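Participant: This is the structure, below, for whatever I ask next.
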Amino acid sequence: MASNIFSRLVPQDRGRSFYEDLRQTDPDADLESRAGIDIDEENLNRSYHDYDLDEAERLAGDESHISHSRGDVAGANTVHRRGQKANTARWLGAGVEDDVDNDVPESLLVETPRAPQHLLLSPSRAGPSHPRPTAVPGPSTRQNQAQWEATRHQQRLHNDDTMPHGPFSGRAGQGRPEPPPVGLMAGDPYEQAMWRWVNVSNLDNFIKDVYAYYRAAGFWCIIVQRILELVNAAFVAVFLTFLSQCVDYHKLPHSKKMEDIIIPKCTQNMSLVWNVGLWLFAIYFICRCFGLIIQLRQLKHLRDFYTHLLKIPEADMQSVSWQDVVGRIMALRDSHPRTAGNLTRVQRAWIGSQSKERLDAHDIANRIMRRENFMIAMLNKDVLDLTIPLPFFRNKQHMSECVVLAISFSILDFVFDNQGQVNPEFLKASRRRQLSQKLKSRFFFAGLMIFVMSPFIALYLILVYFLTYFHEFRNDPGALGARTYNSLAKWKFREFNELDHLFNDRMNMSHPFAKRYIDMFPKRKTEQVARTVSFITGSIVAVLGLATIFDSEAFLTFEITPDRSVLFYVSILATLWAVARGNISDDNEVYDPEFAMKSIIEFTHYEPDHWRGRLHSTEVKNEFSELYKPRPQIFLEEILSILLTPLVLLVSLPNSTDQIVDFFREFTIHVDGLGYVCLFSVFNFQQGHANQKQAAAADAPDNREEYYSTKHGKMAASFYGFLDHYVINPKTGLPGNQLPGSRQQFQHPPSFPGLQSPTLAADMRHSRMMRERGRSSGVQIQGSQGRTPQFRTPMPQPSPMASILLDPHHQPAPGAFGSRSMHRSRQMAVPHRGGYMSDRDIIEEAVTEDGQDDARFGKLGDEDIDESGGALDESTWQTSPTKTLSRENSGANPQETEVGVLGLIHQFQQAHMHLRR
């Protein structure tokens, strides 16, 4: 609601935007662009093709100011648009002769056929041209006509029209889709859904809508949620009107019936302010109803997309996983590959950020969290000054939902354009001063609007919070001490490319450990006072309770103090007793705050450098308590934030405008097919250790390396958290997002050494030693993780490179895992002492005796091989469904110090195959 109010109160310039005014009023910038001699950076490294000549001819006839005549090859006679002045380039002088030193024969010169003069007229005079329709194969029936046109639209073999259609049609920046073919809208729902998918003009908004539809659990859940929101809003308005305008509170002490205190015809005697408020609410309510009706069409399209294209029925929307949705989107993309090669300049510019080829799990997360990634990075790099300019709050960062909305409006809405992309003008160093001044003005406007609306927003939040939680606090007084993470903690803990539902799940799993840590920490003085209060209040309540047993009717009306009966004091004392008991620790609880904090860090992935080695200290407990606060305290801070946010926007944040502009310029990169994204959100899957360097940058003496790195190991934690969600199978805890039995398998043929084999005894001793080592190291070998017997076909295991949710260029290298990703799920489920993987040392790697890193070369150490059940006689890895396992790309370690007879046979087979090649 607050964001909608912001967008409606912002002065909108329908004529031109701030960036257009900036380009026109800056005389020193873009001189090359105005002179026509700037470098085309977009096509600087692009290869030249023959079909570019056709595009150049079309541009010359439609848009260009310069075109050659039909008979003039050497000169350049210009043809102008009507009403425009000729603007000939300096290097295309009229009558310039060919270079006499040119050794290329004229017969080898490639020239495009010149268009007639009547085709070089302006589009307004020439008018649109309609090509002759192609004949329909077979009988010309209505059904065949509709199918033929749908096929021509989806699988176009040659250009039937003079101008491109679909999402590439129109001028740059428009991307208007082609209108549906005749008869398609009345045809098959699958064809309709496919047509809408092919003609998506803004891929970012579409993917966000798909994700929002998934979060809301389908069509009917969204409809019910929207209707109930309207019902709740109407109830609050009617209920408050009744309580404030229709009840005579002066008659309440002396009345016994509702009719005695109700004011007759109260709606006709309401105050002017309340009448205006009700009319404004009525307008808002009607707009929401019309918005819901209009939104039904979009929701129906999303339902068709899930049902017909992704093959996910409406009944499964509440139980399907997001990984399954991503996999089906990739399958839909792969089933309709792009075959067009002769793209125009407008098409290339459009596909630079809207390409459907960039739709794997990594790209989808980047599209959904394009804005949030910049927000996470700004808070991690301490770019924003969020301190309160008051004497007692200068050292505290103030982050609330109100501040988040203000930052989203002031910064993100200014940086991003209507297409969801970073405006290129914001990335130019020459615009730094103007952009900084504009940010200051936006901060001032946002602070002023929040200050004006603060009384109404505060009153609304207080009423809603009171009506929501009063019954809960009354029935369970201990809920007053329930804690949760505040807004600052959520943005500090959130990782790059981590979607909302994944982040919420991670935070929810950390709540039991956080509560245990807070309750465990020494509070002896508080407990002593709580025990005394509990004893006194409990004793009084017990005596009063026993007295009510003998004569309940007379004793409950007995007044202990004037106008205060026994029932009143019993309720008050019972509440105090419950609050006191809630502050007393359990007698069976084990005191170990360091172990409890390690369990929290396993889920939050947040451990500042000054926490290391001091997890038991009171300072760490106080810092964590600032992030994990009681719910009533968070609510009071949100109410107070409405008054403090204008101070932050008017005083503190304007000091950070230069740093904000520099941050976006230095930490924004362009990815082909994806557009502008945050630097830290692009993971280097091929070199997993490159992401780990982000975590160790604090130890590096190079200030430049530290400047371009994240703090507290955020980059490494985000990278491995992403692998856990999209590479590690959540059902098995192993790499790969398919069950092992449903994937391609490679099994070595079983070989049985004879009983007289001289190596049989040694091999059996070796197997016994490996099992003993596994038991001594505390490794639990059970189920599919146990070591396969020597004389049986081994059980195949997944490959860390096998993820169907990542494209080949995003497939992680074996060294990116080490042994960490294989076992991190189990470590997070059951934390153990000394087993915490910090953000900086987030990779657990096996080191050989020579000191070399096995994980760097994609190998496993001895303990890892023993734990995973892999050896030379076993199939240790399994490839993705689109690739077959070969001996070169398998993850098995071909070198081992001790090998048995099966290992020797396997090495002999490998050597024999290499010789045959």
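Placement of Cβ uses the backbone N, Cα and C atoms for every residue, glycine included.
Swiss-Prot feature annotations, pasted as is:
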- 1-226: topological domain 'Cytoplasmic' (TOPO_DOM)
- 16-37: region 'Disordered' (REGION)
- 119-177: region 'Disordered' (REGION)
- 227-247: transmembrane segment (TRANSMEM)
- 248-275: topological domain 'Lumenal' (TOPO_DOM)
- Asn269: N-linked glycosylation site (CARBOHYD)
- 276-296: transmembrane segment (TRANSMEM)
- 297-442: topological domain 'Cytoplasmic' (TOPO_DOM)
- 464-539: topological domain 'Cytoplasmic' (TOPO_DOM)
- 540-560: transmembrane segment (TRANSMEM)
- 561-564: topological domain 'Lumenal' (TOPO_DOM)
- 565-585: transmembrane segment (TRANSMEM)
- 586-633: topological domain 'Cytoplasmic' (TOPO_DOM)
- Lys621: N6-acetyllysine (MOD_RES)
- 655-917: topological domain 'Cytoplasmic' (TOPO_DOM)
- 854-895: region 'Disordered' (REGION)
- 875-895: compositional bias 'Polar residues' (COMPBIAS)
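Surface or core, plus neighbours and distances: that's what I need for these features.
Facilitator: Tertiary proximity for the transmembrane segment (227-247) is limited to same-chain residues at least six positions away from its ends with a CB under 8 Å from its CB atoms, namely 261-263, 266-267, 269-271, 274, 278, 281, 285, 288-289, 292, 463-464, 467.
Here the topological domain 'Lumenal' (248-275) has long-range neighbours at 241, meaning same-chain residues at least 6 beyond its ends whose C-beta is under 8 angstroms from one of its own.
Packing around Asn269 (N-linked glycosylation site) is summarised by its Cβ count: 10 other Cβ atoms lie within 10 angstroms of its Cβ, all protein chains included. The DSSP secondary structure for Asn269 (N-linked glycosylation site) is helix.
Note on the topological domain 'Cytoplasmic' (297-442): mean pLDDT across this stretch is 86.
Within the same chain, residues 476-478, 480-481, 519-520, 523, 526-527, 530-531, 533-534, 537-538, 540-541, 544-545, 547-548, 555-559 sit at least 6 positions outside the transmembrane segment (565-585) and bring their C-beta atoms closer than 8 Å to a C-beta of that stretch.
For Lys621 (N6-acetyllysine), the Cβ neighbour count at a 10 Å cut-off comes to 17, with all displayed protein chains included. DSSP classifies Lys621 (N6-acetyllysine) as helix under the three-state reduction.
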Participant: How many of the residues that make up the topological domain 'Lumenal' (248-275) does DSSP mark as helix, as strand and as coil?
Facilitator: 18 helix, 1 strand, 9 coil
Participant: Grab the same-chain neighbours of the transmembrane segment (276-296) for me: Cβ-Cβ under 8 Å, and only residues 6 or more beyond its ends, written as numbers and ranges.
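Facilitator: Those are 223, 226-227, 229-230, 233-234, 237, 241, 270, in sequence order.
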